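Some notes on the structure that comes next.
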Amino acid sequence: MSTRGALTTLRRRALGVALLLCIVLFFSLTLAFYNRAFTSSVDVVVRADTTGSQLMRDSDVKVRGMIVGRVAEVTSDGSGAQIHLELEPDKAQLLPSNVSVRLLPRTLFGERYVSLELPENPTGVLRSGSVIEQDRTKAGIEMERILADTLPVLQAVHPDDLAATLNALDQALSGRGEKLGETISQLNTYLEGLNPSIPDLQQNLQELVGVAETYEEAAPDVIEALENLTTTSRTLVEQRENLTALTAQLTTTAGDYEEFLRENRANLISLGESARPTLDVLAKYSPQYPCFLRQMAEYVPRVREVFGEGTDEPGLHITLEITAHRGKYVPNRDEPEFADKRGPRCYDMDPLPDPIPEYPPDGPFKDGSVPPPASRNWDGGLNPALTGSAPASTVQQGAGGSSQNSPAEQDLVATVIAPAVGRPASEIPGWGTLLVGPVLRGAEVSYR
């Protein structure tokens, strides 16, 4: 091979190598430009609890919608996520050092981007190596929570169904923006008025839990009642012809009743007026009705006991106490009259006094006559003497102002010993009362 041919071959090979180097250099420069190898940046780090799966490398970093950098890398330090940002120097020098970060999606289905939120009171300048905290305000947390909760729902919805729904919403809201705005404004007014009542609403909801539990306990009974109601409904359906006839008869009866009331309305009014005094008396004594009815109910077992029911001694069992009589009738003094104005009263007989007194605690019934002295009071002792004069024939005293051996005592003793000797009281001799009187004097006499 000649020298000229060898040089030609070497030149061609050199040109090929140069072409390959140019190609490699071109792609290397392209990758370097793509990776911003020749672009200076301000590197900062964002600390976040979580980033989600939609924040990727090279995602945008925006401030009020304007791109100011990109996401260089997303790492984890074990307690949270660290997002490395590369910001453009000319734009980073306009950002304060106390900016905060929100991770927001571009669209409902799009990837996330980093939004730098400017504070109300900016301080300092954002420099390389600065650490930016995630937005911890209530609005920021609620927005991220809403978006995080909405994404699974949107992923579960079929795209064709979602497209149809959005299309229907577009058609429904098209041209109605003004009305929708007014509706939202009115809703805001209602909510502002409702806010003061939120504590009461919470209390009502808490009490509603107890009501719901009561309904839950009563549910079986309600269901059973509804099942029983089906029988009633079926009966009404079967008897609808009879019910129709009954309704027609009721119409006729109502007409007759109307005519009766029209002709007798004056008599009915007069009857009501005449019955008013009686009703007033019944109303006055109404407080004692429960006590009276209760004692009447308790009276039944006592009557059975008196007649010896369930014992070996059937028959009437009573305790007869002899009390002072009222004496003879005295004109112009013992005329009957209703002078008792004490009103409704009822005496509790449980426990039953023993012995039973002759008069109630508040005195005898005032019927116009002069009552004799009471023999027993509620305590079982002797009552004090009544004030005023006693009836002429009530007590006849013996000699020296004493009632011993008086005619009244002799009659009483004769009445007591007459059944024992089997003779009438009128045939008991006077000397018999003289012998027995001292024995019976001061003792309680029971007659069975």
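Using N, Cα and C of the backbone, Cβ positions are placed for all residues, glycine too.
TrEMBL labels come from automatic prediction, so no person has curated them.
As given in TrEMBL:
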type     : residues : note
COMPBIAS : 331-348  : compositional bias 'Basic and acidic residues'
COMPBIAS : 352-363  : compositional bias 'Pro residues'
COMPBIAS : 390-408  : compositional bias 'Polar residues'
DOMAIN   : 140-176  : domain 'PAS'
REGION   : 331-410  : region 'Disordered'
DSSP helix/strand/coil residue counts for the compositional bias 'Basic and acidic residues' (331-348): 0 helix, 0 strand, 18 coil
Within the compositional bias 'Pro residues' (352-363), residues counted as helix, strand or coil by DSSP: 0 helix, 0 strand, 12 coil
Local confidence of the prediction over the domain 'PAS' (140-176), expressed as mean pLDDT: 73
